[in-house]
Amino acid sequence: MNQLTNLSPADLSAQHEQDAKDLTRILPASTKVYIQGSRPDIQVPMRQIALTDTPTGLGGEKNPPVMVYDTSGVYTDPEVAIDLNKGLPHVRQAWIEERQDTDVLDTLSSSFGQERLKDIRTADIRFAHIQKPRRAKTGQNVTQMHYAKKGMITPEMEYIAIRENQRQRDEVDMRQHAGQNFGAKNLTEITPEFVRQEVAAGRAIIPANINHPEIEPMIIGRNFLVKINANIGNSALGSSIDEEVSKMTWATRWGADTIMDLSTGKNIHETREWIIRNSPVPIGTVPIYQALEKVDGVAEDLTWEIFKDTLIEQAEQGVDYFTIHAGVLLRYVPLTANRLTGIVSRGGSIMAQWCLAHHEENFLYTHFDEICEIMKAYDVSFSLGDGLRPGCIQDANDEAQFGELRTLGELTHRAWEHDVQVMIEGPGHVPMHMIKENMDLQLEVCKEAPFYTLGPLTTDIAPGYDHITSAIGAAMIGWYGTAMLCYVTPKEHLGLPNKKDVKDGIITYKIAAHAADLAKGHPGAQVRDNALSKARFEFRWDDQFNLSLDPDTARSMHDETLPKEAHKSAHFCSMCGPKFCSMKITQNVRNYAQNQETAKDFNPSTEEVEQGLKSMKQAYHDNGQKLYQKV
């Protein structure tokens, strides 16, 4: 595949146009709508799914459109001209500027960033419209947590409140089960003030670097909708800049709330710039990966100075959250010796190797307060990495894993002293009966800071299907209180995922996250389920497809056996056929009941009941003793 920057503007336009056509095909009956907040520049995007009317024979009524959360950015707005060479509109630029607490720098602060900018070998692959970076003014703190603690409701917080409510209205079916929330808060409406309170308390984060004005603000916390993250990134074995940008736009179209760029191959700096400039969602990274590349992959040669420069480099590009493995302490490393699979985290193994080589404490831990100073100058959130997570179910919940978790709790408090936002990463591989212990301990030692887990995988026997083995654990831990789920693709443990794998992983994790919202009893979570169930009962096939997470797949599976357009209005599917459709039979029962006298007006005697039963028995035999009759 060609490098993205080798494509002409016309090629890029044609590529986007084709992508847009594909999206219209796979998300039919959907319209991009914007809900305005208290000011004209707060325009919150949502996807509105139009529904057809209920057939006259089934009651005949209008079905209101269903509003759903949308992460696709302006890529799905037909009114916006997309130019990947220029990047996305700067949604937050005015909000950042009006706070008057940042400076625009003359040039990049990091040594490596300056080197790449001057390197003529990167000229052909470099993003052409790099803006000068921002940094907090001396003595200022620009984090959303700092604003929240001061009592400020920022435009980002108002935006999020509107977005979380999904504009659910009285005319949609709001019935739902109460759920069990394990101590979480279920409000009937999310307000900007509630968002502020949750961020101030550390129970939620708004990952929003001041150098990433393109993002549409979102929130991660257990009292909000469960979010999902998608991992992308190149490796030494392959992938190009255009492939990674394409994966990012593809992932956000299917519902990824955040993206992690885990690139470890060539041109990491340039790849990340292209992704950030074109991403409507927060971008996370693992800075130690790039720092390791700077020392040619020799972990022992890592230094605090190299890592610090990498943090500043990425913060000035606009990375919204960093995974930092500061909890991998020297004393925990020997605890992994008897594990079946040892240390499986790349970041964890890098820091463990450094600690053993120098027999010194992890420099990410000893320099943690200095890291906080960098984070609060750009509003980069911590994603405190679980470098000692279990890599198989045999190693689940051991002393090394939980020792690190307690250290992450300590570091959370230290970050909060700087008003830096924090979420905590979790496992991993954990059998079902041991999952809740992880959630309970995390809530206790990290004081309800958002939990962000990779699955967990509930069994190790299904390579090629680990998106399923992990989604089981993800749904459970999401119900218990995890705020964001890191997706797993079918390629997990096997290879670098392609676009199809990315889609499969996201759809699987959207199911897990939504199931968790239902189980928690999150207000409005059941609206889409109710609408789809009603469409199914009324044989509105197109509405069923359009309301599903993957309309294209649902429609194609239906059409494999019933391809004709007339089948879209048929009162049966190929599973049961026309005679044995339970939905159709139930409709017949309803019609029969409506034509009979009500119990209020009809009180038959015992003799009348017996006579009625005899009559129905005779009718059954007269009709050939068939359970279902032709209608």
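Placed from the backbone N, Cα and C atoms, the Cβ positions cover glycine too.
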Same-site residue for substrate (record: Swiss-Prot; known: Asn231, Tyr289, His325, Ser345, Arg346, Gly347, Asp386, Gly387, Leu388, Arg389, Glu425, Tyr452; options: Met248, Met260, Met476): Met260
Maximum Cα-Cα separation in Å among residues Asn231, Met260, Tyr289, His325, Ser345, Arg346, Gly347, Asp386, Gly387, Leu388, Arg389, Glu425, Tyr452, which the record lists as binding substrate: 20
Integer Å distance between the CA atoms belonging to Tyr289 (substrate binding site) and His429 (Zn(2+) binding site): 23
Tyr452 (substrate binding site) CB neighbourhood, other CB atoms within 10 A: 26
Spatial neighbours of Ser345 (substrate binding site) that are distant in sequence (at least 6 apart) but have CB under 8 A: His325, Gly385, Asp386, Gly387, Leu388, Arg389
Structural state of Tyr289 (substrate binding site), classified by DSSP into three states: helix
Largest tally of Cβ atoms lying within 10 Å of a Cβ, found at which of the binding-site residues Gly347, Gly387: Gly387
Distance [Cα-Cα, Å, rounded] between His493 (Zn(2+) binding site) and Asn231 (substrate binding site): 14
